[in-house]
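To start, the structure under review is shown below, and the notes come after it.
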Amino acid sequence: MTNIKHLAIIMDGNARWAATHNLPKSEGHRAGADKVHELLPEFINLKIPYITLYTFSSENWQRSNTEISFLMRLLNIYLKKELDNLHKNGIKIKVIGRLNLLSDSLQKQINNAIELTKDNNKLTLCIAFSYGSRQEITDACTKIIASGKTEILESDIQNALYDPEMPDVDLLIRPGGVFRISNFLLWQAAYAELYFSQKYWPDFNKEDIINAIDDYSKRKRTFGKR
(Lines of atoms letter the chains of each structure in order from A and count residues from 1; the text may use other names and numbers.)
(Lines give C-alpha, C1' and ligand atoms only; values in the text may rest on other atoms or scores of the structure.)
Protein backbone atom coordinates (compact mmCIF):
# COMPACT_ATOMS: atom_id res chain seq x y z
CA MET A 1 0.00 0.00 0.00
CA THR A 2 1.32 3.45 -0.92
CA ASN A 3 0.06 7.01 -0.88
CA ILE A 4 1.05 7.51 -4.51
CA LYS A 5 -1.96 8.57 -6.56
CA HIS A 6 -0.19 8.83 -9.91
CA LEU A 7 2.91 6.94 -10.97
CA ALA A 8 4.45 7.86 -14.33
CA ILE A 9 7.09 5.74 -16.05
CA ILE A 10 9.33 6.51 -19.01
CA MET A 11 9.93 3.00 -20.36
CA ASP A 12 13.45 3.68 -21.60
CA GLY A 13 16.24 1.37 -22.70
CA ASN A 14 14.41 -1.20 -24.83
CA ALA A 15 16.68 -0.81 -27.87
CA ARG A 16 19.86 -0.76 -25.78
CA TRP A 17 18.65 -3.85 -23.91
CA ALA A 18 18.24 -5.59 -27.26
CA ALA A 19 21.73 -4.53 -28.34
CA THR A 20 23.30 -6.01 -25.20
CA HIS A 21 21.57 -9.31 -26.01
CA ASN A 22 22.51 -9.20 -29.72
CA LEU A 23 18.85 -8.91 -30.67
CA PRO A 24 17.05 -6.57 -33.09
CA LYS A 25 15.41 -3.44 -31.68
CA SER A 26 12.00 -4.99 -32.25
CA GLU A 27 12.74 -7.67 -29.66
CA GLY A 28 13.66 -4.99 -27.15
CA HIS A 29 10.34 -3.24 -27.69
CA ARG A 30 8.53 -6.57 -27.40
CA ALA A 31 10.33 -7.27 -24.12
CA GLY A 32 9.29 -3.83 -22.91
CA ALA A 33 5.63 -4.59 -23.63
CA ASP A 34 5.95 -7.94 -21.85
CA LYS A 35 7.32 -6.09 -18.83
CA VAL A 36 4.12 -4.05 -18.60
CA HIS A 37 2.13 -7.28 -18.50
CA GLU A 38 4.43 -8.60 -15.76
CA LEU A 39 4.26 -5.53 -13.52
CA LEU A 40 0.57 -4.61 -13.79
CA PRO A 41 -0.49 -7.03 -11.02
CA GLU A 42 2.07 -5.39 -8.74
CA PHE A 43 0.65 -1.95 -9.47
CA ILE A 44 -2.80 -3.28 -8.57
CA ASN A 45 -1.48 -4.84 -5.35
CA LEU A 46 0.12 -1.52 -4.42
CA LYS A 47 -3.26 0.17 -4.97
CA ILE A 48 -1.80 2.88 -7.17
CA PRO A 49 -4.91 4.30 -8.84
CA TYR A 50 -3.32 5.95 -11.88
CA ILE A 51 -0.35 4.78 -13.98
CA THR A 52 0.94 6.58 -17.08
CA LEU A 53 3.40 4.85 -19.40
CA TYR A 54 5.42 6.80 -21.96
CA THR A 55 5.42 4.40 -24.88
CA PHE A 56 5.89 6.48 -28.05
CA SER A 57 6.86 10.14 -28.03
CA SER A 58 6.16 12.83 -30.60
CA GLU A 59 9.90 12.82 -31.29
CA ASN A 60 9.85 9.08 -32.00
CA TRP A 61 8.20 9.86 -35.35
CA GLN A 62 11.74 10.75 -36.49
CA ARG A 63 12.86 7.11 -36.20
CA SER A 64 13.08 4.72 -39.14
CA ASN A 65 9.86 3.71 -40.87
CA THR A 66 10.59 0.09 -39.97
CA GLU A 67 10.83 0.81 -36.25
CA ILE A 68 7.77 3.08 -36.29
CA SER A 69 5.68 0.47 -38.11
CA PHE A 70 6.69 -2.17 -35.60
CA LEU A 71 5.76 0.04 -32.63
CA MET A 72 2.35 0.72 -34.19
CA ARG A 73 1.76 -3.00 -34.66
CA LEU A 74 2.99 -3.72 -31.15
CA LEU A 75 0.42 -1.40 -29.55
CA ASN A 76 -2.31 -2.92 -31.71
CA ILE A 77 -1.24 -6.45 -30.75
CA TYR A 78 -0.92 -5.53 -27.06
CA LEU A 79 -4.43 -4.09 -26.91
CA LYS A 80 -5.94 -7.09 -28.71
CA LYS A 81 -4.04 -9.60 -26.59
CA GLU A 82 -4.42 -7.93 -23.20
CA LEU A 83 -7.78 -6.18 -23.40
CA ASP A 84 -9.93 -8.95 -21.94
CA ASN A 85 -7.50 -9.48 -19.07
CA LEU A 86 -7.27 -5.75 -18.37
CA HIS A 87 -11.04 -5.45 -18.37
CA LYS A 88 -11.47 -8.51 -16.14
CA ASN A 89 -9.09 -6.96 -13.60
CA GLY A 90 -11.00 -3.69 -13.45
CA ILE A 91 -8.42 -1.61 -15.33
CA LYS A 92 -9.56 1.47 -17.21
CA ILE A 93 -7.61 2.25 -20.39
CA LYS A 94 -6.83 5.78 -21.50
CA VAL A 95 -4.58 6.81 -24.36
CA ILE A 96 -3.21 10.35 -24.71
CA GLY A 97 -1.33 12.00 -27.56
CA ARG A 98 -1.92 13.21 -31.08
CA LEU A 99 -3.88 10.11 -31.99
CA ASN A 100 -5.05 11.64 -35.27
CA LEU A 101 -1.60 10.79 -36.63
CA LEU A 102 -2.25 7.07 -36.19
CA SER A 103 -3.84 4.75 -38.74
CA ASP A 104 -7.60 4.40 -38.75
CA SER A 105 -7.34 0.76 -37.69
CA LEU A 106 -5.16 1.59 -34.68
CA GLN A 107 -7.43 4.47 -33.69
CA LYS A 108 -10.36 2.07 -33.85
CA GLN A 109 -8.56 -0.45 -31.62
CA ILE A 110 -7.72 2.29 -29.11
CA ASN A 111 -11.28 3.61 -29.06
CA ASN A 112 -12.61 0.09 -28.55
CA ALA A 113 -10.34 -0.42 -25.53
CA ILE A 114 -11.32 2.94 -24.04
CA GLU A 115 -15.03 2.30 -24.53
CA LEU A 116 -14.96 -1.25 -23.13
CA THR A 117 -13.11 -0.27 -19.95
CA LYS A 118 -14.51 3.22 -19.31
CA ASP A 119 -16.48 2.19 -16.20
CA ASN A 120 -13.65 0.24 -14.54
CA ASN A 121 -12.24 1.79 -11.38
CA LYS A 122 -9.55 -0.44 -9.87
CA LEU A 123 -6.69 1.22 -11.76
CA THR A 124 -6.38 3.63 -14.68
CA LEU A 125 -3.69 2.68 -17.18
CA CYS A 126 -2.89 5.69 -19.34
CA ILE A 127 -0.77 5.04 -22.42
CA ALA A 128 1.07 8.10 -23.74
CA PHE A 129 1.43 7.36 -27.44
CA SER A 130 2.36 9.85 -30.17
CA TYR A 131 2.66 12.10 -27.14
CA GLY A 132 4.70 15.19 -26.32
CA SER A 133 3.96 17.50 -23.42
CA ARG A 134 4.79 20.70 -25.29
CA GLN A 135 2.41 19.57 -28.01
CA GLU A 136 -0.27 18.79 -25.41
CA ILE A 137 0.00 22.27 -23.89
CA THR A 138 0.00 23.85 -27.36
CA ASP A 139 -3.09 21.86 -28.32
CA ALA A 140 -4.79 22.89 -25.06
CA CYS A 141 -4.11 26.58 -25.70
CA THR A 142 -5.31 26.26 -29.30
CA LYS A 143 -8.52 24.65 -28.05
CA ILE A 144 -9.09 27.44 -25.52
CA ILE A 145 -8.49 30.19 -28.09
CA ALA A 146 -10.90 28.48 -30.49
CA SER A 147 -13.56 28.60 -27.77
CA GLY A 148 -13.38 32.40 -27.82
CA LYS A 149 -11.76 32.97 -24.45
CA THR A 150 -9.49 36.01 -24.26
CA GLU A 151 -8.22 35.48 -20.72
CA ILE A 152 -6.70 32.09 -19.98
CA LEU A 153 -6.61 30.75 -16.43
CA GLU A 154 -4.58 27.82 -15.16
CA SER A 155 -7.82 25.88 -14.74
CA ASP A 156 -8.68 26.49 -18.40
CA ILE A 157 -5.45 24.80 -19.49
CA GLN A 158 -6.01 21.91 -17.09
CA ASN A 159 -9.49 21.35 -18.47
CA ALA A 160 -8.22 21.41 -22.06
CA LEU A 161 -5.47 18.82 -21.62
CA TYR A 162 -5.78 15.39 -23.24
CA ASP A 163 -7.05 13.95 -19.95
CA PRO A 164 -8.40 16.72 -17.70
CA GLU A 165 -9.05 14.16 -14.95
CA MET A 166 -5.41 13.05 -14.77
CA PRO A 167 -4.07 13.70 -11.25
CA ASP A 168 -0.73 15.41 -10.76
CA VAL A 169 2.20 13.00 -10.92
CA ASP A 170 3.59 12.00 -7.53
CA LEU A 171 6.50 9.85 -8.69
CA LEU A 172 8.14 9.71 -12.11
CA ILE A 173 10.42 6.74 -12.74
CA ARG A 174 12.88 6.57 -15.62
CA PRO A 175 14.95 3.41 -16.14
CA GLY A 176 17.66 3.29 -18.78
CA GLY A 177 20.42 5.38 -17.24
CA VAL A 178 19.26 8.67 -18.79
CA PHE A 179 18.65 11.64 -16.50
CA ARG A 180 15.98 13.74 -18.19
CA ILE A 181 12.20 13.74 -18.54
CA SER A 182 12.08 14.11 -22.35
CA ASN A 183 8.95 16.21 -22.90
CA PHE A 184 6.80 13.95 -20.71
CA LEU A 185 3.91 15.33 -18.62
CA LEU A 186 5.61 18.69 -18.02
CA TRP A 187 2.35 20.22 -16.75
CA GLN A 188 1.26 17.29 -14.62
CA ALA A 189 4.71 16.53 -13.20
CA ALA A 190 5.44 20.08 -12.01
CA TYR A 191 6.02 18.84 -8.45
CA ALA A 192 6.73 15.17 -9.12
CA GLU A 193 9.54 13.36 -7.36
CA LEU A 194 11.99 11.92 -9.90
CA TYR A 195 13.65 8.51 -9.66
CA PHE A 196 16.27 7.34 -12.15
CA SER A 197 17.69 3.85 -12.58
CA GLN A 198 20.60 2.47 -14.59
CA LYS A 199 18.57 -0.65 -15.40
CA TYR A 200 16.95 -0.92 -18.81
CA TRP A 201 13.15 -1.14 -18.76
CA PRO A 202 12.99 -4.84 -19.82
CA ASP A 203 15.19 -5.68 -16.80
CA PHE A 204 13.07 -3.67 -14.37
CA ASN A 205 11.22 -5.85 -11.86
CA LYS A 206 8.96 -5.80 -8.83
CA GLU A 207 11.86 -5.12 -6.47
CA ASP A 208 12.91 -2.11 -8.52
CA ILE A 209 9.41 -0.66 -8.29
CA ILE A 210 9.38 -1.23 -4.53
CA ASN A 211 12.81 0.39 -4.19
CA ALA A 212 11.63 3.45 -6.10
CA ILE A 213 8.54 3.76 -3.91
CA ASP A 214 10.59 3.28 -0.74
CA ASP A 215 12.93 6.05 -1.87
CA TYR A 216 9.92 8.27 -2.60
CA SER A 217 8.42 7.59 0.84
CA LYS A 218 11.57 8.94 2.52
CA ARG A 219 11.39 12.29 0.75
CA LYS A 220 9.69 15.36 2.15
CA ARG A 221 7.51 17.02 -0.46
CA THR A 222 7.20 20.76 0.17
CA PHE A 223 5.51 21.93 -3.06
CA GLY A 224 7.53 25.14 -2.86
CA LYS A 225 6.75 25.74 0.81
CA ARG A 226 9.17 25.54 3.71
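Positions of Cβ are set from backbone N, Cα and C atoms, glycine also.
Note: Asp12 (active site) has non-local neighbours Arg174, Pro175, Gly176, Val178, Tyr200, Trp201, i.e. same-chain residues 6+ apart with C-beta under 8 A of its own C-beta. The active site annotation in Swiss-Prot covers Asp12.
Taken from Swiss-Prot, the feature Mg(2+) binding site covers Asp12, Glu193, and the record attributes it to sequence analysis.
The DSSP secondary structure for Gly13 (substrate binding site) is coil. Per Swiss-Prot, the feature substrate binding site maps to 13-17, Lys25, His29, 57-59, Trp61, Arg63, Arg174, 180-182.
Residues or ranges marked as active site, proton acceptor by Swiss-Prot on the basis of sequence analysis: Asn60. In sequence order, Ile68, Leu71 constitute the residues six or more apart from Asn60 (active site, proton acceptor) in its chain with CB-CB distances below 8 Å.
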Other CB atoms within 10 A, centred on Ala15 (substrate binding site): 19
Distance [Cα-Cα, Å, rounded] between Glu193 (Mg(2+) binding site) and His29 (substrate binding site): 26
Site with most surrounding Cβ atoms, counting all protein chains shown within 10 Å, from the binding-site residues Trp17, Ser58, Ile181: Trp17
